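Copied from TrEMBL, the annotated features are:
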type     : residues  : note
TRANSMEM : B:45-67   : transmembrane segment
TRANSMEM : B:79-101  : transmembrane segment
TRANSMEM : B:107-128 : transmembrane segment
TRANSMEM : B:157-177 : transmembrane segment
TRANSMEM : B:207-232 : transmembrane segment
TRANSMEM : B:244-268 : transmembrane segment
TRANSMEM : B:280-304 : transmembrane segment
Amino acid sequence: MLQSLLPLLIDGLANAALIFFVAVGLTLVFSVLRILNVAHGSFYSIGAYGAATLGLWLVSAGANPWLSYPALLLSAVFVAALFGPAIERTLIRWTYGKGEAVQILVTFGLFLILEDLQRMVFGVQSLYQDTPMTLLGITQIGNVVYLNYQILLIVLAVLVLVGLRLLIKHTRMGRLLAAVVADREVSEAMGIDTDRMYMIAFSIGVFLAALGGALATPTTGVAPGLGAETMVLAFAVAAIGGLGQIEGAAIASVIVATAKVLAVYFVPALDSVAPYLVMLLVLMVRPQGLFGVAETRRV
Amino acid sequence: MSRLLVLFAAAAVLALLILPAAMPSSQFIMTIAIAKGFAALGVALLLRGGLISIGHAMYFAIGAYATAFMMKFGVLADLALLLIGSTLVTAVCGLVFGTFLVRFRAIFFAMLNLAVSMVLFALLSKLYGLTGGTDGMRVATPAVFGLELDKAAFDDILYYVCVGLLVAIGLLIRAYLKSPLGYALMSIHTNEIRLEYLGVSAWSVTLIAYTISAALAGLGGAMAALTIGHVLPEYAYWTESGHLVLTAVLGGIGGVAGPFIGSVFLEAVHVLAVDVAADAWNMILGAALLAVIFFLPHGLHGLLEKRAEPRKSQGVVE
C-alpha cells in the first residue's frame, strides 16, 4: 500500500506546489487591494510562455543547459516588472472603491486583451521545454521512481510560503503592507505611501503567478487556454483557503491536489471535477473559506 | 416609456423582421445574437440586484443540452415543445441551485456560481457515454407542429419564432421589472436590510429573480442548440459566462432591450472583425468592455435613453 501511495504523494505535492504559486498571488493581491483579479491566470501563462521561449532559445543557441534555471526566474521577474506596476497604476487603480461587479468586469476585460496578446506574440502552437526537468534526473527508492524536479517544486513552494511569512511579519515593508490591509485611511494618515504599497503587492502577485507558470513549463508545457484554466483553479484554491489567507492558500492547494490525485486514482472520470466539488462543499459550509474571517453584512 | 423609445423599439423589431429578406446571410447570426441576448438578459436581471454571476453560461448549456437530449430520445421533439421543455428544465435547475446560491452576495455569489458551472462543464466534457464528451452532441432538426421541414426552412421559422419570443418575453420581463417584485430586486442592490425591515423576504426576491434569469438563459441555449445543430461543453465554460456579463454591460442593464442591443452589436462587430482582425477579436472585446465601463456606465442602451428621457437609469458603475 505504502509503495503505491508514495509516488501519489509526491505527485500530489508537486501539483499542489504549482497551484500554490498562482493561488497565493491571487490571495495576496486580494488581501491588500480587495480586488479579485480575473486576469491573474494570464500572468501565469505569460510567465510560462516567456520561460519556454527563453529556454528554447538558450538550447538552440547552444548555451549551458544549467542556464535554463535562471531563465525560469528571469521570465517571472520580467513579466512582473513589465505588467505589475503598469497595470496597477492604470486599470486597477481606477476600480478601487467601486463595486465587485466593476472590478470583476475590468479585470475580465484585461484578461481578454492579454489572451489575444499572447496569441499574437507567441502564436497558437504549444511550447514544451523540459531541459530543467531532464537535467535533474530521477530518483529511485525501491520500486518507486520519481522526478527530482518535482522535489524541487515542493521545496520552492515551501520557501515561497516561508519567505512571504517572513516578509510580512519581519520586514519594514511587510509591516507597512499589514497596516494598509488593516486600515488604509489610517495608514495614509500615518504617512504610509499606500499607492506604492498597492503597486508592490500587485507586482508581487504578478511575479508569483508568472513564477508558477515558468516552473510549470518543464512538466506540462504551455498552450493557448492555459491561462483561463489556471485562473479557475487558482480561484477555487484561494476560495477554499479563504480569500486573503496565505497559509490558507497553501493548505487548500494541498487539499485540492490530493483530491485531484485521489480522483485520478479511483474515479478517473472525475479528476477535473474534484477541485470544484471541494470548493462547492467548503463554500456551502463556510462561505468565507476554511481560514477566512467572516465579514459582517454592510447596512 | 417615452414615445421616442416606443418608436425606437418598433423600428428595431421591424428591422429584425425585414433583415433576413434583405440580407439572407444575416439570419443565422441574428438568431445566435437573440439567443445570447436572452442569456445576457438573465445576467442583466441579476446585475440589477447587484449580483454578478460568473457561471451563468451553465444555464445556457443546460438549456442547449436539454434540447439535445430531448431530440436524441425523441421526447417532445417539436419546436414549441422543445423550447418550452428546455426552458422549464433550466428553470427547475435554477430554482434548485438558487435555493442555496442566493444566500450569498458579492464575490461569494460570483465564485459559487463559477464553481457550480465548472462542475457542470467538467461533467459534460468527461461523461463521454452520456454527453459525447468534448465532441458534444448533434441536434437533429425537429418538426414544427408535426411538419417535417428541411434545415433551411426550419431556420427561417426558428428565426421568426425567436423574434416573436423576443418581443413577447421582453414585454413580460419589462412588466416584471416595473412590478413591486422588480423594485424589490433593485433594492437588494441598494439596501437589502431595509427591504427585510419592510417585511419582504430578500431570499425569495432573489430566488425568483435567479430562477427567471436561469430560465431566460436556458431558452437562449435551446435556441442556439436548434440553430447551430450541435452542443458543446464549452457552452458552460467560465469565459462564456464572462462574455454574457460583458454583453449585458455593453448593452446596458437599464432596460430590457439593453442586453439584446449588446448582443446584436457584438455579433455584428464579430462578423466584421473576422475579415480584418481575426486574431484580435478578444482584444477588441476587452477594449470595448473597458471603454464602456470607463465612458458609458449605462451601456449602449443608456445612450438611447439619455436622448429620450434624461432621467437617470441604473448602471453597473455606481
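Any Cβ shown, glycine's included, is placed from N, Cα and C.
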- Same-chain Cβ contacts of the transmembrane segment (B:107-128) under 8 Å, 6 or more residues past its ends? 51-58, 61-62, 65, 97, 101, 134, 233-234, 236-238, 241
- Query: What stretch of B:45-67, B:157-177, B:207-232, B:244-268 shows the most Cβ pairs under 8 Å to the transmembrane segment (B:79-101)?
  - Reply: B:207-232
- Query: Counting only pairs at least 6 apart in sequence, do the transmembrane segment (B:207-232) and the transmembrane segment (B:45-67) share 3+ Cβ pairs under 8 Å?
  - Reply: yes
- Under a Cβ pair cut-off of under 8 Å, which of the recorded stretches B:45-67, B:244-268, B:280-304 contacts the transmembrane segment (B:157-177) most often? B:244-268
- Task: For the transmembrane segment (B:45-67), find every same-chain residue at least 6 residues outside the stretch whose CB is under 8 Å from a CB in it, and list them.
- Result: 36, 39, 82, 85-87, 89-90, 93-94, 102, 105, 109-118, 120-121, 124, 131, 137, 139, 173, 177, 185-186, 188-190, 205-206, 209-210, 212-222, 224-226, 231, 233, 235-238, 240-245, 248-249, 253, 314, 316
